[in-house]
């Protein structure tokens, strides 16, 4: 604040900061991640002139590959490229990925039950032996009661290959004509 010769005070006018503070040059517009529209080329042209990637900082977790494409109006868009699904060797990274994906699949199960009214029972068995569950209220007794718990234990402890008694023709039912 400054005071005038008549004793009144004035406050400086605040201007919004635009551009680089030190050089006062305008900054580049922010690019947002987006998926290409069906009309755009899915392969995309790589922007050779953009050198923003040379200042990137490496992180402990790998980020998805980002492809820069140009559309007909010369504005560049950034799209994500799908990473191949393979076993994660790093134990810490594997645990973090498991936790995030477990949370994501439970969120999807909840959304599916709310949107469609479906009854859902989701069991996730971790390598550590812990069982994570998501149930809608109607199926909750399957997880909470002793009979349901014993059924879940039997399924978890069962072998991966079907028994010979399970595939006998006498137990198979054919549709009535």
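Including glycine, each Cβ sits where the backbone N, Cα and C put it.
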Give the range, chosen from 136-156, 157-177, that Swiss-Prot lists as region 'Disordered'.
157-177
Using DSSP, break the domain 'MADS-box' (80-134) down into helix, strand and coil residues and give each count.
26 helix, 10 strand, 19 coil
